[in-house]
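Pulled from Swiss-Prot:
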type	residues	note
SIGNAL	1-19	signal peptide
DOMAIN	20-59	domain 'Chitin-binding type-1'
DISULFID	Cys22-Cys37	disulfide bond
DISULFID	Cys31-Cys43	disulfide bond
DISULFID	Cys36-Cys49	disulfide bond
DISULFID	Cys53-Cys57	disulfide bond
DISULFID	Cys98-Cys160	disulfide bond
ACT_SITE	Glu142	active site, proton donor
DISULFID	Cys172-Cys180	disulfide bond
DISULFID	Cys279-Cys311	disulfide bond
Amino acid sequence: MRAFVLFAVVAMAATMAVAEQCGSQAGGATCPNCLCCSRFGWCGSTPYCGDGCQSQCSGCGGGSTPVTPTPSGGGGVSSIVSRALFDRMLLHRNDGACQAKGFYTYDAFVAAASAFRGFGTTGGTDTRKREVAAFLAQTSHETTGGWATAPDGAFAWGYCFKQERGATSNYCTPSAQWPCAPGKSYYGRGPIQLSHNYNYGPAGRAIGVDLLRNPDLVATDPTVSFKTAMWFWMTAQAPKPSSHAVITGQWSPSGTDRAAGRVPGFGVITNIVNGGIECGHGQDSRVADRIGFYKRYCDILGVGYGNNLDCYSQRPFA
């Protein structure tokens, strides 16, 4: 399906995920948007801000606590999305025709979210709802089993797949830092369709699992699967901000961003995820599909969509 598409741009520009982003591994560089620099030279929020954090460990003021703003009151992500709402949003994920039937559980979603401080808990209630809607929308597009005349509509069929169909490559790029394990393939798996060894490696390191040796965990352990998607969501990959920073209003576009049409909103998240393929060339059905999921989920959660939903006129990030 679209498993390999998510990181295709990264493959064309290998420095995106192969080289470290900050700290001693990157000439002392600091992370954008006041993110922590982990001991391994990667930008993000918890767990990047723990032991060995190199810089901005409590935002741009130093220290050793997580950079993500203190979540608002009201509990974790379960206070925004109940089990019943989750089932309503991902209405047909357990349909008999879906490859992922029974895999993507509410409990796994909540458990994974609790490992990423700030996910679905940053800001006021509307901001929190909008983040969950945006995350589930982007990942629903990546895993959709819907079609135009599907029962309950195309946007009720997110999370139908958990791994790429018909993969013709093992997605192994030679890398000293993220070496491929013998006999393993790194095709798209999970909600974000994680692809390539140079993404499995840092994702696994961030969540404490060796995904280079055990990539199948992304399609067999639902909590690990959700965690890889949330790692992608919460992690900035310069010059891209994190999707979390965008949807929670923490990202301020630079002059270069504004000149490229990249302004805050759901559209720039699509640009982060797959802009090199989908953005900057006018109307695109894939962008429209992502927006369709997003609007449905916002409607279910009772929150406005915000502005700038598409990336039709945005230049992709370099």
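Cβ atoms are placed via backbone N, Cα and C, with glycine included.
Overlay of Swiss-Prot feature records on the structure.
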{"residue": "Cys22", "record": "disulfide bond", "CB count, 10 Å": "27"}
{"residue": "Cys43", "record": "disulfide bond", "CB count, 10 Å": "30"}
{"residue": "Cys49", "record": "disulfide bond", "CB count, 10 Å": "24"}
{"residue": "Cys53", "record": "disulfide bond", "CB count, 10 Å": "21"}
{"residue": "Cys57", "record": "disulfide bond", "CB count, 10 Å": "20"}
{"residue": "Cys98", "record": "disulfide bond", "CB count, 10 Å": "20"}
{"residue": "Glu142", "record": "active site, proton donor", "CB count, 10 Å": "26"}
{"residue": "Cys172", "record": "disulfide bond", "CB count, 10 Å": "18"}
{"residue": "Cys180", "record": "disulfide bond", "CB count, 10 Å": "22"}
{"residue": "Cys311", "record": "disulfide bond", "CB count, 10 Å": "29"}
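Sequence-distant neighbours of Cys160 (disulfide bond) (same chain, 6+ apart, CB under 8 A from its CB) are His92, Arg93, Asp95, Ala97, Cys98, Gln99, Ala100, Thr143, Thr144, Gly145, Gly146.
In terms of C-alpha distance, the listed disulfide-bonded residues Cys37, Cys43, Cys180, Cys279, Cys311 place Cys37 closest to Cys57 (disulfide bond). According to DSSP, Cys57 (disulfide bond) is assigned to a strand segment. Looking at the domain 'Chitin-binding type-1' (20-59) alone, the prediction's average pLDDT is 71. Within 10 Å of the C-beta atom of Cys37 (disulfide bond) sit 29 other C-beta atoms, taking all shown protein chains into account. The two recorded residues, Cys36 (disulfide bond) and Cys43 (disulfide bond), show a Cα separation of 6 Å. Cys180 (disulfide bond) sits 27 Å from Cys53 (disulfide bond), taking the CA atoms of both as reference points. Cys31 (disulfide bond) counts 28 other C-beta atoms within 10 Å of its own C-beta, drawing on all protein chains shown.
Distances between the Cα of Cys49 (disulfide bond) and those of the recorded positions Cys22, Cys43, Glu142, Cys172, Cys279 are shortest for Cys43.
In sequence order, Gly267, Thr270, Asn271, Val287, Cys311, Tyr312, Gln314, Arg315, Pro316 are the residues of the chain that are 6 or more apart from Cys279 (disulfide bond) and have a CB within less than 8 Å of its CB. Take the CB of Cys36 (disulfide bond) and look out to 10 A: across all protein chains shown you find 30 other CB atoms. The recorded positions recorded for this entry are Cys37, Cys53, Glu142, and the Cα of Cys37 lies nearest to that of Cys43 (disulfide bond). If you take the CA of Cys31 (disulfide bond) and look 10 A around it, the recorded positions you hit from Cys22, Cys37, Glu142, Cys172 are Cys22, Cys37.
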